[in-house]
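S.K.: Straight from TrEMBL, here's the annotation block:
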- His79: Fe cation binding site (BINDING)
- Cys87, Cys90, Cys122, Cys125: Zn(2+) binding site (BINDING)
Amino acid sequence: MKKSRNTAAKTKILNVITDSKIALSHSEIHQLLDDFCDRVTIYRVLDRLIEEDLIHKIVTIDGAIKYAACHDCSTVEHHHNHIHFSCEQCHTVTCIEDVEPSFKLPEKYKIHNVNFTLSGVCPECS
């Protein structure tokens, strides 16, 4: 895991993401920060947080990018190969970290990363 200096923007953005129960888009993060920093700074900080393995990026079913905190990762083992659930009604994306998809591929294929998103209706909208 890479380390870099902490800034007020980095700390505030990380807190917004870790305090959220759902994955957040760049614009949702910007709105929650209430103009604390500009859009470009948010993009730079998000890239740095991904490099430092503190958050991960999720590509939703409609191609939007959302960000969620890493919860089960450590300096020894880091993985994001869990399921994401996209609600068709409230449009939230949630990490389902208890379920890790498994695939059986032909010989000589190696999986490095999985972006697995299910869509349906979340418990809040049911």
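Just so it is clear, glycine is given a Cβ too, placed from its N, Cα and C backbone atoms.
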S.K.: Which of the three DSSP states, helix, strand or coil, fits Cys125 (Zn(2+) binding site)?
M.R.: coil
S.K.: Quick one: what's DSSP say for Cys87 (Zn(2+) binding site), helix, strand or coil?
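M.R.: Going by the DSSP assignment, Cys87 (Zn(2+) binding site) falls within a strand, counted as strand.
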S.K.: Over all shown protein chains, what is the count of other CB atoms within 10 A of the CB belonging to Cys122 (Zn(2+) binding site)?
M.R.: 17
S.K.: Counting other Cβ atoms within 10 Å, pick out the least crowded of the binding-site residues Cys87, Cys125.
M.R.: Cys125
S.K.: Across all chains shown, how many C-beta atoms besides its own are within 10 angstroms of the C-beta of Cys90 (Zn(2+) binding site)?
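M.R.: That number is 11.
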S.K.: Within 8 Å of the centroid of the Cβ atoms of Cys87, Cys90, Cys122, Cys125, which other residues of that chain place their own Cβ, given that this set defines the recorded Zn(2+) site?
M.R.: Glu88, Gln89, His91, Thr92, Val121, Pro123, Glu124, Ser126
